[in-house]
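What TrEMBL records for this protein:
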type	residues	note
BINDING	G10, A11, G12, K13, G14, T15, R127, Q178	ATP binding site
BINDING	T31, R36, G57, L58, V59, G85, F86, P87, R88, Q92, R139, R150	AMP binding site
REGION	30-59	region 'NMP'
Amino acid sequence: MRLILLGPPGAGKGTQAVRLVERLGIPQLSTGDMLRAAVSAGTPIGLKAKAVMEAGGLVSDDIVIGIVADRIEEADAKRGFILDGFPRTVAQAEALDRMLEAKGLKLDSVVELVVDQDALVHRIVKRAEETAAAGLPVRKDDDPEVFKTRLAAYNRDTAVVSPYYEKTDRLKRIDGMQPIDAVTEAMKAAIGG
Ligand code: ADP
């Protein structure tokens with residue numbers, strides 16, 4: 001199964017993706033995680049992406065498209081994957097369509113978690129507090145001010161991605177304000193398994 005999770009930062013894509021990985025046995029491909037790994041490793045991509053990520057902006061399409069193109073070639077992604085955090089622009093969505101078409105592959109589902117944006121800042125503050133309390137490093141962009149920039153980037157560049165899939169009848173919307181388990185159930189129903 002090839003699946004895309006859409007929704008603003010803090011909508012719960014990562015939480016749901018982890019559950020889907022367990023149930024479906026296919027990998028979660030999070031461009032945020034891949035970029036953070038590149039930053040930690042100090043690779044050329046990481047060096048380019050670091051400042052823009054810390055400021056809450058979007059990394060350039062060509063960089064992100066390149067890492068996804070490489071990642072979906074890996075053995076574990078052959079049976080399917082869950083894309084989390086990609087595509088974040090229409091150009092990325094178009095590039096993904098071209099990549100899959102060239103391989104004769106199709107997307108099975110695109111699911112959007114619809115949330116109340118006013119509630120998201122609170123979620124992010126909570127996530128940062130819980131992470132710190134657990135003694136883990138807090139993401140630099142999980143800061144209320146930077147978060148507002150991330151949300152603005154979402155509204156400017158990413159909100160148009162779901163209509164892109166809606167136009168071709170590939171989109172399913174789910175209420176992401178429900179409790180986590182209810183979202184998981186709605187997700188199961190939406191993707192048919
Ligand atoms: P969240 O899920 O909380 O929005 P992510 O971990 O997906 O955060 O992404 C963190 C940061 O990584 C983004 O704010 C952005 O700078 C960069 N990033 C991740 N995915 C993409 C993408 N598809 N296009 C551009 N930038 C991206």
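Glycine is no exception: its Cβ is also placed from the backbone N, Cα and C atoms.
Automatic prediction, not curation, is the source of TrEMBL annotations.
Since we're looking at a predicted model, the values are computed, not measured.
In sequence order, V64, I67, V68, L83, D84, G85, F86, R88 constitute the residues six or more apart from T31 (AMP binding site) in its chain with CB-CB distances below 8 Å. Each of the binding-site residues G12, G14 was scored by how many other Cβ atoms lie within 10 Å of its Cβ, and the smallest score goes to G14. For the region 'NMP' (30-59), the model's pLDDT averages out at 97. The full span of the recorded ATP binding residues, G10, A11, G12, K13, G14, T15, R127, Q178, taken as their largest Cα to Cα distance, is 17 Å. When the binding-site residues T31, V59, F86, R88, R127, R139 are checked against ligand 1, T31, V59, F86, R88 have a Cβ within less than 6 Å of one of its atoms. Candidate binding-site residues: G57, V59, R139. Nearest to T15 (ATP binding site) by Cα distance: R139.
It is 19 Å from the Cα atom of G14 (ATP binding site) to that of V59 (AMP binding site). When the binding-site residues A11, G12, K13, R127, Q178 are ranked by how far their Cα is from the Cα of R139 (AMP binding site), R127 comes first.
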